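This report refers to the structure that appears directly beneath it.
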There are 4 protein chains.
Amino acid sequence: MSLLVEKTASGREYKVKDMTQADFGRLEIELAEVEMPGLMACRTEYGAAQPFKGARITGSLHMTIQTAVLIETLTALGAEVRWCSCNIFSTQDHAAAVIARDSAAVFAWKGETLQEYWWCTERSLDWGPGGGPDLIVDDGGDATMLIHEGVKAEAEYAKSGALPDPSTTDNPEFQIVLTIIRDGLKSNPTKYTKMKDRMVGVSEETTTGVKRLYQMQISGSLLFPAINVNDSVTKSKFDNLYGCRHSLPDGLMRATDVMIAGKVALVAGYGDVGKGCAMSLKQAGARVIVTEIDPICALQALMEGLQVLTLEDALPEADIFVTTTGNKDIIMVDHMRKMKNNAIVCNIGHFDNEIDMLGLETYPGVKRTTIKPQTDRWVFPDTKSGIIILAEGRLMNLGCATGHPSFVMSCSFTNQVIAQLELWKEKGTGKYVNQVYILPKHLDEKVAALHLGKLGARLTKLSKDQSDYISIPIEGPYKPAHYRY
Amino acid sequence: MSLLVEKTASGREYKVKDMTQADFGRLEIELAEVEMPGLMACRTEYGAAQPFKGARITGSLHMTIQTAVLIETLTALGAEVRWCSCNIFSTQDHAAAVIARDSAAVFAWKGETLQEYWWCTERSLDWGPGGGPDLIVDDGGDATMLIHEGVKAEAEYAKSGALPDPSTTDNPEFQIVLTIIRDGLKSNPTKYTKMKDRMVGVSEETTTGVKRLYQMQISGSLLFPAINVNDSVTKSKFDNLYGCRHSLPDGLMRATDVMIAGKVALVAGYGDVGKGCAMSLKQAGARVIVTEIDPICALQALMEGLQVLTLEDALPEADIFVTTTGNKDIIMVDHMRKMKNNAIVCNIGHFDNEIDMLGLETYPGVKRTTIKPQTDRWVFPDTKSGIIILAEGRLMNLGCATGHPSFVMSCSFTNQVIAQLELWKEKGTGKYVNQVYILPKHLDEKVAALHLGKLGARLTKLSKDQSDYISIPIEGPYKPAHYRY
Amino acid sequence: MSLLVEKTASGREYKVKDMTQADFGRLEIELAEVEMPGLMACRTEYGAAQPFKGARITGSLHMTIQTAVLIETLTALGAEVRWCSCNIFSTQDHAAAVIARDSAAVFAWKGETLQEYWWCTERSLDWGPGGGPDLIVDDGGDATMLIHEGVKAEAEYAKSGALPDPSTTDNPEFQIVLTIIRDGLKSNPTKYTKMKDRMVGVSEETTTGVKRLYQMQISGSLLFPAINVNDSVTKSKFDNLYGCRHSLPDGLMRATDVMIAGKVALVAGYGDVGKGCAMSLKQAGARVIVTEIDPICALQALMEGLQVLTLEDALPEADIFVTTTGNKDIIMVDHMRKMKNNAIVCNIGHFDNEIDMLGLETYPGVKRTTIKPQTDRWVFPDTKSGIIILAEGRLMNLGCATGHPSFVMSCSFTNQVIAQLELWKEKGTGKYVNQVYILPKHLDEKVAALHLGKLGARLTKLSKDQSDYISIPIEGPYKPAHYRY
Amino acid sequence: MSLLVEKTASGREYKVKDMTQADFGRLEIELAEVEMPGLMACRTEYGAAQPFKGARITGSLHMTIQTAVLIETLTALGAEVRWCSCNIFSTQDHAAAVIARDSAAVFAWKGETLQEYWWCTERSLDWGPGGGPDLIVDDGGDATMLIHEGVKAEAEYAKSGALPDPSTTDNPEFQIVLTIIRDGLKSNPTKYTKMKDRMVGVSEETTTGVKRLYQMQISGSLLFPAINVNDSVTKSKFDNLYGCRHSLPDGLMRATDVMIAGKVALVAGYGDVGKGCAMSLKQAGARVIVTEIDPICALQALMEGLQVLTLEDALPEADIFVTTTGNKDIIMVDHMRKMKNNAIVCNIGHFDNEIDMLGLETYPGVKRTTIKPQTDRWVFPDTKSGIIILAEGRLMNLGCATGHPSFVMSCSFTNQVIAQLELWKEKGTGKYVNQVYILPKHLDEKVAALHLGKLGARLTKLSKDQSDYISIPIEGPYKPAHYRY
């Protein structure tokens with residue numbers, strides 16, 4: 001697509017695939033609202049007070065229907081919002097269209113190139129002359145990373161006049177990042193520094209982004225406060241686990257229509273995501289093999305009747321391979337060559353480097369046939385045997401299906417709203433310094449409570465006597481911080 | 001669509017949606033072939049002998065990718081084939097295109113009107129002057145029913161000169177059938193009678209069609225031999241059960257993206273289809289309520305931890321309603337009015353009359369909003385509450401998703417091939433009279449055996465001594481006829 | 001025990017382990033009655049009419065608490081009853097005691113020798129001078145077999161004067177049978193013939209006994225009518241399946257306290273019993289491997305995510321071995337030698353010859369240590385490795401636990417009562433000849449219906465219109481005979 | 001039993017039920033050792049060094065076979081041990097016998113009175129003139145509590161001469177504790193103070209005990225360092241969860257033989273124990289209703305398809321009630337009166353006050369019938385309806401069955417050994433002050449690793465490159481402290 005920003009009649013910027021899908025997007029948003037009681041409760045509770053009045057929020061998070069409901073919750077609470085997706089395949093174009101038309105500046109479409117992806121990220125951070133956003137909703141940490149890299153480059157430039165050199169890295173994506181920063185530096189040498197100065201904080205959605213934040217905290221390089229939303233119980237133990245239990249088979253079915261029953265499936269990694277994946281594959285009738293580095297998670301898999309082996313052990317018999325590790329180089333091209341014909345290989349964990357896509361693409365003589373978008377068959381010249389790669393190695397549930405369903409995203413996104421409210425409320429109070437924080441348990445419990453009514457649940461209430469007996473307040477929080485659920 | 005038959009370069013007739021999808025269809029067929037070991041084994045075993053040489057086969061069965069592999073198995077064995085779908089929403093247009101281009105006369109597209117549907121059925125039965133097909137592959141019995149109704153009308157016409165009168169029935173679909181027959185009668189008053197005379201037999205795919213056949217057998221009106229493929233163990237206990245376990249959540253997810261976990265789902269009917277549906281909903285984290293008329297099936301549901309209630313009991317709490325009964329009038333418009341807002345209502349069992357679509361469509365003031373094709377929200381004027389109807393009340397797994405996966409269809413369709421071979425081989429021998437037959441157990445076991453290797457299974461073999469001890473031949477059949485699996 | 005018949009104050013004969021346990025038995029019977037609604041409903045429905053008045057019923061069926069409720073149902077309906085167990089380990093001594101004290105002549109205790117076992121069987125068939133019983137409730141067919149063998153021997157003796165020669169068989173148990181008959185012949189050369197003449201019919205409980213009956217039917221040697229209770233749906237699809245799902249882990253836990261989670265379990269045979277066993281092991285967290293000879297059952301196992309291999313394949317990794325085949329020589333001593341140390345080996349299917357107990361007992365140098373009754377560790381001299389054999393290779397759920405729970409036995413035993421009523425009602429009418437019959441479907445459905453209320457289920461009722469549409473009576477039967485559930 | 005200490009030939013004190021069961025205990029210990037790889041690995045790793053040389057360890061923890069293997073691991077590492085059970089019903093008498101005979105001073109039998117229970121506890125703490133133990137292995141905190149109460153009373157006595165007055169408390173058990181302390185005070189007014197002075201530390205096994213410790217830490221009254229073993233991942237996420245998944249149905253089956261399938265079961269509390277219980281009941285075919293105070297745990301239950309209601313809601317339909325809350329007054333006598341006839345009521349969570357046993361026992365006119373030990377039927381005079389109470393309201397898995405299986409206890413107890421080693425090694429170093437500590441993650445992971453081989457698992461190893469990429473050491477620890485598993 002040509003990278004020109006468009007504007008709505010009201011002057012709001014956007015760049016999306018197809019504005020005619022906005023009505024369809026609105027219909028799906030209306031369905032989703034019924035499934036997202038936490039977000040709707042936030043609108044009811046906080047809408048009148050307009051707590052985000054004056055706040056500029058940039059989001060870098062899969063531009064789906066569920067995210068649309070999040071965005072419109074933020075705007076209902078008074079925020080101005082700019083948004084991009086955090087994955088080149090995860091945008092739902094009708095969601096992007098309706099938000100662009102009705103609610104916020106959006107830069108996102110399904111099937112971006114990496115170049116386009118970073119252009120969108122930059123657009124969503126660019127609030128014009130007055131600097132960047134006040135708050136960021138991040139997923140995977142790309143928006144945060146861009147600011148941090150930008151600030152670093154600007155400091156070096158101010159000191160030595162040196163520009164970042166994209167040729168210093170092998171990573172093609174990071175080359176793009178450095179190029180963007182370099183090109184920006186010339187026209188505005190303090191762009192990211194000003195952004196950083198304005199920033200009140202970021203709330204981060206996912207494991208990978210959180211890991212980056214803690215690394216920056218440890219190295220002392222974190223430039224603004226961060227709330228780790230991922231590790232709210234109502235996020236990681238719901239979205240990561242139950243979301244993937246839902247969306248993994250959904251992605252497999254939409255992409256390949258393959259029967260899961262009777263197959264042998266390998267799940268690499270048995271964290272929350274891996275647990276959800278393994279559960280759904282087992283329940284669909286597959287025999288599941290797990291790979292793990294952590295003996296505790298391995299023992300959990302065994303207690304569920306799953307086999308724990310190495311990837312090499314399972315190569316001759318597995319039909320479906322799913323990576324969920326958050327690490328790189330899990331399935332290499334040499335593994336793929338040894339797989340059964342039409343073995344399905346996909347990633348639901350992290351970046352596309354869980355699968356050695358580079359190795360596959362550059363394998364001599366390999367032939368790629370696109371069955372349909374996000375479903376490719378790659379045939380090796382020596383064996384004539386093919387494997388099926390989903391979503392080009394990127395998150396298959398977002399690339400091949402529609403991501404996690406509304407209800408579980410309502411849990412995650414209610415945490416986001418609460419985190420953003422907290423950061424904004426405490427702006428300037430010094431409560432949050434440049435560190436990573438987890439939401440207090442009573443807020444986590446509140447998020448859960450907002451989702452019970454929809455499912456017809458009725459909670460039990462402690463009596464005063466019981467509360468005294470176990471030294472737990474009647475209204476909670478109910479568990480010590482170290483409790484694992 | 002304009003109902004004009006088109007022709008390929010080679011002169012074969014067809015009517016499909018979009019011939020440009022043929023290449024995509026071929027790619028998906030190639031994937032499916034790897035998943036359909038039974039059909040591919042038939043090609044290997046019988047291909048050289050061309051046992052269907054000279055046979056004309058008409059099929060009325062969902063025109064999907066899996067059916068494409070069936071059709072190309074029949075043609076690989078020497079048959080000439082004409083095909084239509086047995087459901088207005090079940091055709092996969094890329095499958096229809098590739099078969100039309102490469103292998104057989106196809107009259108089918110996704111989203112036919114009822115008028116178009118019966119035109120397609122008639123086309124697929126029309127082999128030109130020499131009469132109709134030798135053999136029919138039927139699903140639901142519409143092709144068989146059209147011949148039987150035609151013969152009846154022709155007999156009446158020959159006797160009394162009376163034409164069928166569509167106004168004698170309330171059923172709009174049957175009005176179309178009578179109209180077609182009436183219109184044909186004028187030009188060719190022995191068309192269906194000649195068809196009947198040529199017919200060697202039919203093999204019927206599904207419960208509903210089989211029920212019709214047994215009723216005709218009992219009433220003595222069955223006009224040609226029929227093989228009941230549905231009640232092969234490797235059909236009804238696999239396709240109906242495990243196929244639906246796979247395709248129900250697939251259809252729900254594609255149509256609505258709704259989270260199944262935490263929801264209350266009502267499954268009407270606990271036969272093989274209902275069992276598969278209930279199993280998948282339970283495993284996805286729903287709480288499942290079953291309705292049943294049969295106390296035995298009800299007790300089975302209870303033993304699996306499911307609640308057995310009436311539909312009325314469950315109306316206030318269920319979020320998802322699935323009909324699987326093979327009966328009519330299961331969910332009436334009065335039930336729908338009492339459902340929760342955005343309750344999902346769908347049918348995976350039989351015709352669209354399991355759900356009272358007529359009552360819904362004619363409810364005063366009801367408003368229909370199409371979210372996307374096959375997903376409609378209907379809002380009642382009094383309650384302002386809406387329900388979501390999938391696939392207009394027709395089979396939701398075929399309307400909203402792609403039907404059953406290849407592997408399980410390979411079991412069903414290998415039974416079809418074997419049944420067709422048997423009918424054709426015994427043509428004129430008198431082995432089969434105008435009755436309904438089930439395939440002998442050793443063929444059923446053979447179908448299963450053809451599907452084990454793909455899943456890495458290794459069978460145990462009886463010793464001579466063990467075989468004597470239990471009086472079962474080493475090579476099978478292994479079970480008495482009454483065995484229930 | 002010394003084999004002397006004892007008598008109650010009222011003169012009824014018995015031989016049990018410990019009469020002081022009668023009160024405990026009564027308490028457990030009272031609990032069981034609440035869980036056996038089908039039997040209690042029979043008392044309510046038929047008790048007043050005393051339909052069994054004048055009938056002598058001999059039972060050869062595990063003398064458990066559940067059987068006690070069956071026996072007292074038979075007597076409540078007017079019958080006189082004599083009973084023995086059909087397995088040397090399956091008697092619950094408190095159940096035997098209370099029945100002996102209160103209700104029927106019982107000859108049974110836990111831990112009979114084979115000699116004692118057949119003595120008990122003979123006692124239960126011996127109704128004194130007037131011949132044998134009118135009716136038999138059989139389980140496994142031993143009582144029926146004894147009469148048949150007796151009649152055969154008496155015929156030969158009448159013809160040639162030859163006595164049966166126990167030395168003509170290798171089978172130690174059959175030697176005992178022949179000895180009993182031989183010894184009886186001398187004093188009463190027409191005992192079994194008179195028994196046969198009086199016999200109205202037998203109802204047989206289980207797969208193995210039914211198989212024997214069909215073999216006699218085929219060979220024309222069946223001496224009286226038989227009702228195959230095993231193949232009532234409410235028996236084989238409940239007792240065999242759900243009963244074993246309950247009692248297999250129960251037996252494993254009581255016998256060994258071993259953790260099932262994380263273990264590899266091999267289930268030999270995937271019929272109803274095997275399905276129940278595999279299900280419970282899988283759900284308890286084991287990884288389950290199935291062996292099968294029948295490709296259809298094998299494919300079912302695969303669809304449930306189970307691995308299908310041969311016993312030899314699984315020897316190095318399995319921790320628990322369960323035989324459910326109904327065949328002999330499934331696990332041989334050579335297999336046992338190759339198992340992991342402390343592998344558990346047990347049988348829940350059929351006779352103790354599923355496991356090669358003879359081969360084990362006679363293995364040179366093998367050493368047996370009884371951990372506790374029915375739990376033995378056998379150590380091989382060469383490997384020093386031991387295996388754990390449960391219940392000496394006999395039914396482990398009855399030997400090591402208390403068999404199937406009351407509720408599911410109520411289903412089975414209500415079938416027994418109905419079968420016995422039917423045979424007795426039709427005595428002399430010629431309705432039943434010397435063949436094997438299955439109960440008609442409406443009675444099968446009745447059994448199920450009697451068990452729904454206890455579980456809080458509410459059935460749906462067909463409307464007249466629906467009933468007409470599917471040609472099924474409102475009151476049932478609801479399914480064709482070939483339906484598999 | 002008469003409370004006289006006995007002595008072995010070697011002079012070691014003990015009080016057990018039946019010394020003749022020692023051989024049986026030894027056989028079961030030998031089986032358990034094969035299932036407890038973590039403990040056996042400790043013997044191999046540390047045995048030669050005798051790290052516990054000179055250490056006196058008192059244990060107050062269910063005196064089962066698994067505990068016997070723990071005790072013999074402690075003695076194999078050089079410790080002297082005295083032991084009592086922490087529950088009046090949990091002792092396995094053969095386990096107590098063999099340990100008393102071979103390894104340690106034991107004071108424990110199944111079915112102690114409360115009076116006897118506290119006598120045993122006191123005996124196990126009494127190491128003679130030199131004071132008490134160096135280390136305590138505690139479960140529920142009774143041994144720790146006795147010392148704390150004793151010290152408190154001695155301080156008061158030293159100050160004011162006042163003796164503790166048992167009549168100041170309503171709690172009959174606490175009256176006994178005060179009596180014991182009071183009676184001891186007279187003869188030795190510094191007994192507990194000296195004990196406290198000698199104490200190096202305690203390692204606590206379970207949730208309830210840990211809660212007491214944290215309360216003492218908060219109030220500043222904790223008298224010695226404590227290691228919270230319960231919250232090792234390899235304890236609470238294994239023993240509590242998978243242990244109960246195993247032992248709940250085991251206890252139900254042994255106590256009542258009731259069929260779980262088809263029943264409605266209420267699980268009060270959805271922590272680790274509740275999760276394990278709900279899982280096993282659901283998998284056995286029950287319909288499970290959960291009660292919760294914590295909205296997060298409630299939402300987890302919903303995601304698994306369980307219904308979340310209040311106890312009052314479920315009273316009319318539940319057949320089985322299980323308390324797992326760790327709180328008191330969960331099921332009151334007024335609830336019990338409204339239950340269905342023969343509803344089963346049991347506790348697997350905490351003390352017998354989860355169930356209102358006092359209310360039941362004192363209900364006017366209530367009648368108790370003991371079916372067998374630990375299984376009582378209580379009939380209310382007004383309704384004539386009865387309920388079944390297991391283990392008199394105490395832990396039913398230990399009272400009615402044999403507790404958790406060896407394998408999962410090996411995980412827990414390996415944590416205990418490591419905790420004791422750590423406390424003893426750091427004696428006098430000041431590393432541990434009077435606070436509660438959790439074992440470091442690398443030790444937790446070590447415990448898991450020791451249990452993988454037995455189950456045939458093969459771990460994956462990080463490459464150097466991967467380790468750098470995610471900043472996790474190749475050898476672990478693999479997760480941040482807040483990770484929830």
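Using the three backbone atoms N, Cα and C, a Cβ is placed for every residue, glycine included.
These features come from TrEMBL:
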- C:THR64, C:ASP139, C:GLU205, C:LYS235, C:ASP239: substrate binding site (BINDING)
- C:206-208, C:271-276, C:GLU292, C:348-350, C:ASN397, C:HIS404: NAD(+) binding site (BINDING)
- C:240-403: domain 'S-adenosyl-L-homocysteine hydrolase NAD binding' (DOMAIN)
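This view paints the features noted in TrEMBL onto the structure.
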| residue | record | Cβ contacts under 8 Å, 6 or more apart |
| --- | --- | --- |
| C:ASP139 | substrate binding site | C:SER60, C:LEU61, C:HIS62, C:CYS86, C:GLU204, C:GLU205, C:THR206, C:GLY209 |
| C:THR208 | NAD(+) binding site | C:GLY140, C:GLY141, C:GLY326, C:HIS350, C:PHE351 |
| C:LYS235 | substrate binding site | C:GLU205, C:VAL229, C:CYS411, C:SER412, C:ASN415 |
| C:ASP239 | substrate binding site | C:HIS404, C:VAL408, C:MET409, C:CYS411, C:SER412 |
| C:ASP272 | NAD(+) binding site | C:SER236, C:LYS237, C:ASN240, C:LEU241, C:CYS244 |
| C:GLY276 | NAD(+) binding site | C:ASN240, C:LEU241, C:TYR242, C:GLY243, C:CYS244, C:ARG245, C:HIS246, C:LEU248 |
| C:ILE348 | NAD(+) binding site | C:CYS244, C:SER247, C:LEU248, C:GLY251, C:VAL273, C:CYS277, C:VAL322, C:THR323, C:THR324, C:LEU395, C:MET396, C:ASN397 |
For C:THR64 (substrate binding site) and C:GLY274 (NAD(+) binding site), determine the Cα separation and express it in whole Å.
23
Can you give the mean pLDDT for the domain 'S-adenosyl-L-homocysteine hydrolase NAD binding' (C:240-403), rounded to a whole number?
97
Run through the Cβ atoms and count how many others sit within 10 Å of the one on C:THR64 (substrate binding site).
26
CB within-chain contacts under 8 A for C:GLY274 (NAD(+) binding site), separation at least 6:
C:VAL267, C:ALA268, C:VAL290, C:CYS297, C:THR324, C:THR325, C:GLY349
Rank the binding-site residues C:HIS350, C:HIS404 by how many other Cβ atoms lie within 10 Å of each Cβ and give me the one with the fewest.
C:HIS350
Look up C:ASP139 (substrate binding site) in the DSSP assignment and report helix, strand or coil.
coil
Lowest local Cβ density (other Cβ within 10 Å) among binding-site residues: C:GLU205, C:THR206:
C:THR206
DSSP secondary structure for C:GLY276 (NAD(+) binding site), reduced to helix/strand/coil, please.
helix
Kindly assign C:LYS235 (substrate binding site) to one of the three DSSP-derived states: helix, strand or coil.
helix
